[in-house]
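A.B. asks: What follows is a single structure, and I will ask about it in a moment.
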Amino acid sequence: MRRGERRVAGGSGSESPLLEGRRSTESEVYDDGTNTFFWRAHTLTVLFILTCALGYVTLLEETPQDTAYNTKRGIVASILVFLCFGVTQAKDGPFSRPHPAYWRFWLCVSVVYELFLIFILFQTVHDGRQFLKYVDPRLGVPLPERDYGGNCLIYDADNKTDPFHNIWDKLDGFVPAHFIGWYLKTLMIRDWWMCMIISVMFEFLEYSLEHQLPNFSECWWDHWIMDVLLCNGLGIYCGMKTLEWLSLKTYKWQGLWNIPTYKGKMKRIAFQFTPYSWVRFEWKPASSLHRWLAVCGIILVFLLAELNTFYLKFVLWMPPEHYLVLLRLVFFVNVGGVAMREIYDFMDELKPHRKLGQQAWLVAAITVTELLIVVKYDPHTLTLSLPFYISQCWTLGSILVLTWTVWRFFLRDITMRYKETRRQKQQSHQAINNGDGHPGPEDDLPGTGTAEEEGTTNDGVPAEEGPSAAS
């Protein structure tokens, strides 16, 4: 929504938020409605600057004779023109801070990335890998073999110099990356249980797929102590504390020039990088079959996106420390939060004609396209059969989940309806026996048993006072 369309507090004497249409999980917002130059779309300004830049390149700059350079420059210029159009003209998403144009930019980057993936998908395996040389000449060569796992002793008595060398070897740059990554994922998902399930499930996936990717082979304490408990667990804990603060925060906004003090202005600038309002996510997966399947789908896509990170590096011959790997993670950090909010709104929307948000649609398409690239570029690795005990564990887990689903959303409801019907019948029979029920069919017939039950004759005379009694 545009800046001028946001909720504005009404009345000059009191700050009363507009509560109409606000969900119970959504925070109250006070806004004075200031619409400054900063919030405008600047469509004509961007068009003028873009036209001047293109005119300068066309009329004043000499075109180089290097075909490869001109090709790269033309592709980059085409992408920049598309980004300029999208940033000024694309539809706004659910987020507006620090600026709606920021999120429109990442939406357009999503389109560019998806088109790039489609291009790679339609190349041969050799051409696709060699094409990356145009991005970085160091790419397009097979990755060297590395030794993973190795000695898993926490205390290595044979190493007299440093018995804990195995632990220090694991304390690399991936430790803060795990912590920061799960802190940000918690801000996206906004649910402790879902975060922990995804964290634990991914470790099980690493166990299951280490025969396909050697870098999944880690020590047991690296999986469960360093990853799940320390890095991931601490990131989730800090993320939940941040969510608690955001849900309790007062969202009161004033225009920068309406604040009299310099301290207030600086505070307002800092708060520009915090949410405009806050919605507490209540996924409630067990409330209905629809929400249960949706939450399972979200977890599946999350795990698939995590696996794509490692498989894409493997099949495209990309070193883990390459900047393209980092850029992909930065990309998903920015688009993931918007996608999760759009999915939650889609699930929470009661309108009959719902539409999935644009960013969520693109994230799903990107995740599937990445998987298809992995399948096409190295089918041999993906078809390596799981060890028998691993496949047994996943089969048992799938049966348990399927059994719980059938019981919770089908058998349990049938059983509860049967018990409720039986209880109502018992209450009805008990009420009739106690004389508190409604008249039955026989009670509508005149003179049938009514006199005997009431101790009267059919003429309404008490039985003791009738002719037989007098005689």
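Every residue gets a Cβ built from N, Cα and C, even glycine.
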A.B. asks: Would you say whether Swiss-Prot puts Leu234 on the same side of the membrane as Tyr344?
C.D. replies: yes
A.B. asks: Please identify the range among 41-61, 167-187 that Swiss-Prot labels transmembrane segment.
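C.D. replies: Among 41-61, 167-187, the range Swiss-Prot annotates as transmembrane segment is 41-61.
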A.B. asks: From the list Ser12, Ser96, Ser428, pick out the residue that Swiss-Prot labels phosphoserine.
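C.D. replies: Residue annotated phosphoserine in Swiss-Prot: Ser12.
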A.B. asks: Given the ranges 188-208, 314-334, which one is assigned the annotation transmembrane segment in Swiss-Prot?
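C.D. replies: The range carrying the transmembrane segment annotation in Swiss-Prot is 314-334.
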A.B. asks: Compare 41-61, 75-95, 292-312, 314-334, 355-375 by their Cβ pairs under 8 Å to the transmembrane segment (105-125) and return the stretch that comes out on top.
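C.D. replies: The listed stretch sharing the most Cβ pairs with the transmembrane segment (105-125) is 355-375.
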A.B. asks: Within the same chain, where does the topological domain 'Lumenal' (62-74) have neighbours whose Cβ lies under 8 angstroms from its own Cβ atoms, ignoring anything closer than 6 residues to its ends? I mean 6 or more beyond.
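C.D. replies: Hits for the topological domain 'Lumenal' (62-74): 134.
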A.B. asks: What is the three-state DSSP composition of the topological domain 'Cytoplasmic' (376-381), stated as helix, strand and coil residue counts?
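C.D. replies: Reading the DSSP string over the topological domain 'Cytoplasmic' (376-381) gives 5 helix, 0 strand, 1 coil.
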A.B. asks: Can you tell me which parts of the same chain pack against the transmembrane segment (382-402), counting only residues 6+ beyond its ends and a CB-CB cutoff under 8 A?
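C.D. replies: Contacts with the transmembrane segment (382-402): 207-208, 211-212, 374-375.
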A.B. asks: Just to be sure I understand the packing, how many Cβ atoms besides its own are within 10 Å of the Cβ of Asn159 (N-linked glycosylation site)?
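C.D. replies: A count of 13.
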A.B. asks: According to DSSP, does Asn159 (N-linked glycosylation site) fall in a helix, a strand, or coil?
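C.D. replies: DSSP assigns Asn159 (N-linked glycosylation site) to coil.
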